[in-house]
């Protein structure tokens with residue numbers, strides 16, 4: 001397996017060029033000169049990881065650059081910690097949103113006691129109500145609420161969609177290169 005450091009320019013939908021520094025994981029097929037195809041986000045499993053009931057989380061910035069590194073004890077030493085590429089920018093923005101949400105939810109938890117551990121509507125929780133999530137989406141009173149807390153939920157969803165779209169676009173363009 002080889003890691004190749006690459007620098008690519010990709011034309012986005014507005015006609016501008018986006019520049020990426022990324023790594024491509026390649027498999028050496030054999031000793032004869034067969035085509036080597038990029039295998040992005042290759043996972044290797046050990047017998048230990050199969051026994052775990054919950055998989056470990058991987059660094060999203062490293063994943064955006066084609067590497068799979070576990071988050072645990074990694075953030076301080078991440079090679080893409082200060083990477084300015086669009087994917088890493090979206091990941092950083094998402095982390096900021098999640099940190100704000102957690103800070104606000106901890107304050108809410110102190111004010112009101114938790115309901116049962118079943119999934120519940122986050123927007124209703126922001127307004128002190130506890131409604132089960134299932135079958136509630138279409139009739140939620142706070143679905144279009146412009147308050148600061150509900151805006152964070154909207155921002156987080158939008159950020160996740162943009163990360164997903166950027167990621168798909170990025171990998172699609174690399175495969176075409």
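Note: Cβ is positioned from N, Cα and C throughout, glycine not excepted.
Summarised by DSSP class, the composition of the DNA-binding region (59-106) is 29 helix, 1 strand, 18 coil. Here TrEMBL flags 59-106 (among others) as DNA-binding region.
The DNA-binding region annotation in TrEMBL covers 121-165 (among others). Within the chain, the DNA-binding region (121-165) has long-range Cβ neighbours (under 8 A, six or more residues past its boundaries) at 60, 87, 90-91, 93-94, 97-98, 100-101, 104-105, 108, 112, 115.
The domain 'DM' annotation in TrEMBL covers 59-106 (among others). Looking at the domain 'DM' (59-106) alone, the prediction's average pLDDT is 86.
Feature annotation from TrEMBL assigns domain 'DM' to 121-165 (among others).
Secondary structure counts, DSSP: the DNA-binding region (121-165) has 26 helix, 1 strand, 18 coil.
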